[in-house]
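**Student:** Before anything else, here's the structure in question.
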Amino acid sequence: AIAAVITFLILFTIFGNALVILAVLTSRSLRAPQNLFLVSLAAADILVATLIIPFSLANELLGYWYFRHTWCXVYLALDVLFCTSSIVHLCAISLDRYWAVSRALEYNSKRTPRRIKCIILTVWLIAAAISLPPLIYKGDQDPQPRGRPQCKLNQEAWYILSSSIGSFFVPCLIMILVYLRIYLIAKRSSSRRKPRAKGXPREGESKQPQLRPVGTSVSARPPALTSPLAVTGEANGHSKPTGERETPEDLVSPASPPSWPAIPNSGQGRKEGVCGTSPEEEAEEEEECGPEAVPASPALACSPSLQPPQGSRVLATLRGQVLLGRGVGTARGQWWRRRAQLTREKRFTFVLAVVIGVFVLCWFPFFFSYSLGAICPQHCKVPHGLF
């Protein structure tokens, strides 16, 4: 019965991970650079299912190591290599999720296939550094008992503790702290969005008069509109007669440059205190401010009702605002794409948190008992069947 269950798990592992690799390599929607982590992780799991589990099953069923001693040393090194690689891959994925959520604007521009491949190479090098010492340093080996040969993991305390810390406990601690940080960021973002949904202004934000779009009537002209650009024609020393319509040439006077300073669209204003206050809040502000996230003046920062579209120039006139440049549709489409991307990042982070939590719970008993045998081998020895 055990052999049948393990055989089914081997086939299921190979088939499922092969589908993951095939989907990422063939589906255009899954060709994002971060999905290379899943390809490498699936490859490590396939190697475990093909090169490790069958020999472990044979060793358990026969009760001794049927294969040669050389293959035993290689088999143990590959076992540590592939299992450590799987765990460190999950740690790297959790860090990638954290950077994608906390530093969305900055990290997404740096998340290139080359960068992801370098991280994957680092993961495999860490796993190799943990698995190779038993092959290089044999240490004081106990003589083999007479009878059938056995193939066991390295029993020296220094290697047990160092490999357990590097393979499991350090990555596990990093994953727990990272997902706790992601949870706090999501909770803070949700609590910030609630008062703004009710119409309450942000702390420290003064109430600004509402500027109506072009073509609507304005009952009371705000004082902010009385500028050299507000009364067209006065820059040349005369005004338009009553009843004469304004032309586009009159609205834009070359002799009167706009008095509002330009604010870049690349998010620099947020770093200088216009919108966000920390890298973790950049993604939140990108979603909160909406498609009109870049204000025409510092007084209009982070106020959705007063924002012009991104990439547009705003001129104040007697009738309200005149928008020059790119239209609202393009800016709104870009904002919705960014918001959808951030939503996918958060949803994928939740799924990965569940998967990693189950993975950690499955690995913890082994590494705990394995380390406990090195700390107190006489009094804390775990029964062989339970191990």
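Backbone N, Cα and C atoms are what each Cβ position is placed from, and that goes for glycine too.
Pulled the feature table from Swiss-Prot, pasting it below:
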type	residues	note
COMPBIAS	279-290	compositional bias 'Acidic residues'
DISULFID	Cys72-Cys151	disulfide bond
SITE	Asp79	site 'Implicated in ligand binding'
SITE	Ser163	site 'Implicated in catechol agonist binding'
SITE	Ser167	site 'Implicated in catechol agonist binding'
TOPO_DOM	63-72	topological domain 'Extracellular'
TOPO_DOM	141-156	topological domain 'Extracellular'
TOPO_DOM	376-384	topological domain 'Extracellular'
TRANSMEM	1-25	transmembrane segment
TRANSMEM	37-62	transmembrane segment
TRANSMEM	73-95	transmembrane segment
TRANSMEM	118-140	transmembrane segment
TRANSMEM	157-180	transmembrane segment
TRANSMEM	352-375	transmembrane segment
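Mind mapping these onto the model and telling me what they sit next to?
**Tutor:** According to DSSP, Cys151 (disulfide bond) is assigned to coil rather than to any helix or strand.
When Cβ atoms from all protein chains are considered, those within 10 Å of Asp79 (site 'Implicated in ligand binding') total 18, not counting its own.
Within its own chain, Ser163 (site 'Implicated in catechol agonist binding') has Val80, Thr84, Ile130, Ser131, Asn154 as residues 6 or more apart in sequence whose C-beta sits under 8 angstroms from its own. Following the DSSP three-state reduction, the secondary structure of Ser163 (site 'Implicated in catechol agonist binding') is helix.
Annotation for Ser167 (site 'Implicated in catechol agonist binding'): spatial neighbours Val80, Cys83, Thr84, Ile87, Val88, Ala127, Ile130, Phe367, criterion Cβ-Cβ under 8 Å with sequence separation of six or more.
Below 8 angstroms of C-beta separation, residues 55, 147-151 of the same chain, each at least six residues beyond the ends of the topological domain 'Extracellular' (63-72), sit close to that stretch.
Sequence-distant contacts of the transmembrane segment (1-25) (same chain, six or more residues past either end, CB-CB distance under 8 Å): 31, 35-36, 38-39, 42-43, 45-46, 48-50, 53-54, 57, 60-61.
Here the transmembrane segment (37-62) has Cβ contacts under 8 Å with residues 2-3, 6-7, 9-10, 13-14, 17-18, 20-21, 24-25, 75, 78-79, 82-83, 85-86, 89-90, 92-93, 96, 116, 119-120, 123-124, 151 of the same chain, all six or more residues outside its ends.
Beyond the ends of the transmembrane segment (118-140), by six or more residues, the same chain brings 36-37, 40, 73-74, 76-82, 84-85, 88-89, 92, 96, 154, 156, 159, 162-163, 166-167 to within a C-beta distance below 8 angstroms of the stretch.
If you look at the transmembrane segment (157-180), the same-chain residues 6 or more away from its ends with a CB under 8 A from one of its CBs are 80, 83-84, 87-88, 90-91, 94-95, 97-98, 126-127, 129-131, 133-134, 139, 349, 353, 356, 360, 363-364, 367, 370-371, 373-375, 377.
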**Student:** Could you state the CA-to-CA distance between Cys72 (disulfide bond) and Asp79 (site 'Implicated in ligand binding') to the nearest Å?
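**Tutor:** Per the Cα atoms, Cys72 (disulfide bond) and Asp79 (site 'Implicated in ligand binding') stand 10 Å apart.
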**Student:** With helix taken as DSSP H, G or I, strand as E or B and everything else coil, how many residues of the topological domain 'Extracellular' (63-72) land in each class?
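**Tutor:** Split by secondary structure, the topological domain 'Extracellular' (63-72) comes out as 4 helix, 0 strand, 6 coil.
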**Student:** For Cys151 (disulfide bond), list the number of other Cβ atoms lying within 10 Å of its Cβ atom.
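**Tutor:** Taking all protein chains shown, Cys151 (disulfide bond) has 18 Cβ neighbours within 10 Å.
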**Student:** Cα-Cα, whole number of Å: Asp79 (site 'Implicated in ligand binding') versus Cys151 (disulfide bond)?
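**Tutor:** On Cα coordinates alone, these residues lie 12 Å apart.
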